[in-house]
Amino acid sequence: MTLTKSTPLALVALAVSLLIGCSSQEDKDKYDHYYGSGSKSREETALVNLQKERENQPAPAQAAAPGAAAAPAASGDTAKAGSGDSASAIGQGGAAAAATNPNAEAAPTAAASTAAAAPAKRKPVPAEVSALLNKHACLACHQPYDKVIGPAYAEVAKKKYTPEQIVELVHAPKPEHWPGYPPMAPMAHVPKGDIVVIANWINSL
């Protein structure tokens with residue numbers, strides 16, 4: 001009689017354990033995709049894309065540099081100009097500049113607009129902050145100015161989080177704040193004081 005009573009209980013326990021096992025396997029697969037073996041391939045892809053972006057970006061800045069260097073030389077002392085006609089016309093500000101070189105006025109304007117469009121200067125990471133970022137493996141997913149797996153710290157700075165909010169987000173991330181990024185694992189082991197130092201630096205970017 002006890003056998004017949006315990007059989008349904010055993011079947012229920014078996015069904016529950018199978019359900020728990022399936023859901024935990026699904027969670028394990030998701031975690032593995034974002035932070036385990038799947039993260040390796042994503043990191044490599046992100047780094048390749050980052051290198052391509054960096055290779056494509058410097059070209060306009062380098063092209064603008066010779067134009068910017070040429071403008072001061074052209075507006076300098078006209079007596080020092082070697083081939084004279086267009087350089088002296090620009091130095092004197094006369095109408096002959098437009099006649100000999102139609103782009104004479106456009107070049108300084110183009111150089112100025114390119115300089116204005118150039119990204120803001122990247123600040124170096126202070127030694128104390130760099131040590132904390134390395135200690136807590138933050139740099140595996142975040143970089144100061146470049147997207148890797150998670151958002152760049154400069155992007156986080158644009159959200160204007162307070163240091164207290166950043167502490168909360170590190171300890172209990174909210175993926176809905178960053179759609180399009182893989183969810184961040186909770187980092188409850190990181191001390192609040194360390195996060196506050198990092199948060200103050202983030203807000204300075």
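The backbone N, Cα and C atoms fix where each Cβ goes, glycine too.
No curator has checked TrEMBL annotations; they are predicted automatically.
TrEMBL has this to say about the protein:
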type: BINDING; residues: Cys138, His142, Met184; note: heme c binding site
type: COMPBIAS; residues: 40-56; note: compositional bias 'Basic and acidic residues'
type: COMPBIAS; residues: 57-91; note: compositional bias 'Low complexity'
type: DOMAIN; residues: 124-205; note: domain 'Cytochrome c'
type: REGION; residues: 30-91; note: region 'Disordered'
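Excluding the listed site residues Cys138, His142, Met184, the same chain places Leu139, Ala140, Cys141, Ile149, Gly150, Val170, Met187 with Cβ atoms within 8 Å of the centre of the heme c site Cβ atoms. Reduced to three states, the DSSP call for Met184 (heme c binding site) is coil. Around the Cβ of His142 (heme c binding site), the same chain contributes Leu133, Val148, Ile149, Gly150, Pro151, Ala152, Tyr153, Val156, each under 8 angstroms and 6 or more positions distant in sequence. DSSP assignment over the domain 'Cytochrome c' (124-205) gives 41 helix, 2 strand, 39 coil.
The Cβ of Met184 (heme c binding site) has 21 neighbouring Cβ atoms from other residues within 10 Å, across all protein chains displayed. All protein chains shown were included, and the count of other CB atoms within 10 Å of the CB of Cys138 (heme c binding site) stands at 20.
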